[in-house]
Amino acid sequence: MSKRDYYEVLGLSKGASKDEIKKAYRRLAKKYHPDVSKEENAIEKFKEVQEAYEVLSDDQKRAQYDQFGHAGANQGFGGFGGGGDFGGGFGFEDIFSSFFGGGGGRRRDPNAPRQGADLQYQVTLEFEEAIFGKELNVEIPVEDPCDTCKGSGAKPGTSKETCKHCSGSGQVSVEQNTPFGRIVNRQACSHCSGTGQMIKEKCTTCHGSGKVRKRKKINVKIPAGIDNGQQIRVSGKGEAGVNGGPAGDLYVVVHVRSHEFFEREGDHIICEMPLTFAQMALGAEVEVPTVHGKVKLKIPAGTQTGTEFRLKGKGAPNVRGYGQGDQYVVVRVVVPTKLTSHQKDLLREFAGQEEQDDSLFGKLKRAFKGE
């Protein structure tokens, strides 16, 4: 069975504003919620409304849907069909609770293991360090399990007790009278903060949190060829996990300082090489600096300013190991600002000989004179 158009589901046109989408969703969600509606197929209709709102209320998902239809909306966002929770971790009971207050709906077990938070660290490298890679020892602030209480939060020699108010479930039932009748919501127990356990005697080191703030030294290997703005993931070096869950990850964001001579374009290195008029006109062999050392470059006679030469394999290594970039040398003629009398005489003599040459410049001069 094919899906209905999301705009049609909410009774809207494609140009509907965000506010119109939200109002339509609230109205239809109340109408079809299974706890209230007695209509046939209310659950399916509610899910359909919820699915449409999940896509159209998000600018990125809506743009994908407008361009590609249901195929675009379901690509890269984990899908929306069925009766499970969305990627944000809430079900339709949780959404409905926003209309009536409380915190009803299905909740995650507060004592289940959870991964720790990810951390981000910024580093600045010199141009050459980014080309060849480097090992760094960084010191970052992290929250680690308290050594005194082993992360329990309870004073050594004591243990946590089951919360008497929620019987260890971490949730309590709250009844509310609404225009639709009496609604029973499940919400986090305020006495144990939803953990289902109480700490009678708190650890004096961490004050019951089970964590302490530390500065941790971590060795980070910067791969050769990394570029400005790229990041490195160091697995398991983020914040400590909760309830025995795995630690988060550390993301090292790299910034590369600019170089006075070199520029970078992907894996290639670009530089400009100043040459004299004589070197360009007569040809020469010059030394060009590269990050790998100086190399000799032959300049053919008659080379024009702006000509680009390629030095194969003298660029940056690809950060993923796919070969090596090149270096491109752009030559520029340098016009001297101070000349001796002898140099001026030589140039005047050269200019006089050029006028006799039927070159492009000669043709241009005649054109301006109307010849």
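Yeah, the Cβs are placed from backbone N, Cα and C, and that goes for glycine too.
Copied over from Swiss-Prot:
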DOMAIN    5-69  domain 'J'
ZN_FING   133-215  zinc finger
BINDING   Cys146, Cys149, Cys203, Cys206  Zn(2+) 1 binding site
REPEAT    146-153  repeat 'CXXCXGXG motif'
BINDING   Cys163, Cys166, Cys189, Cys192  Zn(2+) 2 binding site
REPEAT    163-170  repeat 'CXXCXGXG motif'
REPEAT    189-196  repeat 'CXXCXGXG motif'
REPEAT    203-210  repeat 'CXXCXGXG motif'
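When each of 146-153, 189-196, 203-210 is scored by its Cβ pairs under 8 Å to the repeat 'CXXCXGXG motif' (163-170), the top-ranked stretch turns out to be 189-196. Helix first, then strand, then coil: DSSP counts for the zinc finger (133-215) stand at 0 helix, 39 strand, 44 coil.
Other C-beta atoms found within 10 angstroms of the C-beta of Cys146 (Zn(2+) 1 binding site) number 20, with every protein chain shown included. Note: Cys189 (Zn(2+) 2 binding site) has non-local neighbours Cys163, His165, Cys166, Ser169, Gly170, Gln171, Val172, Gly196, i.e. same-chain residues 6+ apart with C-beta under 8 A of its own C-beta. Cα separation, Cys203 (Zn(2+) 1 binding site) to Cys192 (Zn(2+) 2 binding site), rounded: 16 Å.
Across the residues of the repeat 'CXXCXGXG motif' (189-196), the predicted structure has a mean pLDDT of 82.
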